[in-house]
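Peer 1: Just lifted these from TrEMBL, have a look:
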DOMAIN    21-95  domain 'J'
TRANSMEM  119-139  transmembrane segment
Amino acid sequence: AALLPRPARGLTDRLYCGRRVCYEVLGVSRQASKAEIARAYRQLARQYHPDRYRGEPAGGEGGGAQAAHEKFLLIAAAYETLKDEETRKDYDYMLDHPEEYYRHYYHYYSRRLAPKVDVTIVILVTVCAISVFQFFSWWSSYNEAINYLASVPKYRIQATEIARQQGLLNKTKEKGKNRRSKEEIREEEEEIIKDIIKNKIDIKGGYQKPKIYDILLFQILLAPFYWCKYVVWYCWWIYCFTIKGQEYGVEEKLYIIRRYMKMSQSQFDSLEDHQKETFLERQLWIRENYEVYKREQEEELKKKMAMDPRWKRYRRWMKNEGPGRLTFIDD
């Protein structure tokens with residue numbers, strides 16, 4: 001019964017001007033322009049505004065200041081309804097179709113509760129904020145990777161040798177006022193070593209050097225381009241290898257292997273070159289060869305875990321005690 005259509009007249013106290021017609025409240029016709037509506041509102045507001053009311057009867061209706069205050073609120077509600085074109089259009093539709101109560105109820109409260117700020121601006125600001133945080137987070141990870149590599153003796157010794165060959169660390173001793181402290185010289189040498197590592201070592205994976213085109217904002221802007229590029233590439237793949245039956249190249253073979261291994265591009269790029277050569281030598285782009293390789297890797301992993309002392313201790317603990325066993329402990 002609640003879902004059945006009901007006449008709007010019975011519950012219009014909550015909508016717009018209640019049981020009163022907004023045009024009649026302002027004393028204008030339905031064909032009145034915005035200027036006429038604004039002029040009528042200003043005249044009535046000066047007459048019934050609480051600050052201007054001095055005790056005279058409120059429009060001859062009696063009730064004093066309280067009646068004048070209620071009259072002013074009704075005038076303000078009528079003006080808020082009719083000054084906006086969209087709201088006025090909804091109100092006129094309600095006057096012409098009073099039986100569509102639920103539609104009027106929805107439009108009224110959707111306009112009142114809708115955010116005043118444009119949703120597009122909110123989304124744009126949110127995407128920009130996420131992109132800025134993403135970019136600086138990647139720079140922080142990249143700097144952490146450089147600092148770690150600078151502390152590893154293997155890479156530090158190689159970077160120091162390269163710096164000495166380039167004459168960056170073989171500077172003459174400074175004298176006089178320009179002489180620096182040992183701490184300053186040490187800091188400069190540290191920065192030189194880090195710069196050598198940045199230029200000579202190609203860091204891949206999650207700690208690679210961030211690129212501006214990888215952030216969320218540019219990914220959204222370039223999404224149509226990437227999609228078109230993928231469609232063109234897919235059509236080329238179908239034409240070359242399915243229709244014409246051409247043999248796979250090195251890049252195509254590595255792509256198929258990466259798909260079989262379910263690895264992302266950054267994860268696959270972080271693998272060593274000799275591993276990729278092993279994949280190609282074993283022809284892992286063929287499904288049967290990959291299945292054999294996968295079983296071999298699983299067996300090798302099981303053997304390593306069986307010989308690992310930590311894994312042995314874990315199995316003994318699970319067998320003797322385990323997380324679900326109750327025992328009395330004697331201290």
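Glycine residues also receive a Cβ, built from the backbone N, Cα and C atoms like all the rest.
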Peer 1: Within the domain 'J' (21-95), what mean pLDDT does the predicted structure show?
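Peer 2: A mean pLDDT of 79 is what the model gives the domain 'J' (21-95).
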Peer 1: Helix, strand, coil residue numbers for the domain 'J' (21-95) per DSSP?
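Peer 2: Reading the DSSP string over the domain 'J' (21-95) gives 50 helix, 0 strand, 25 coil.
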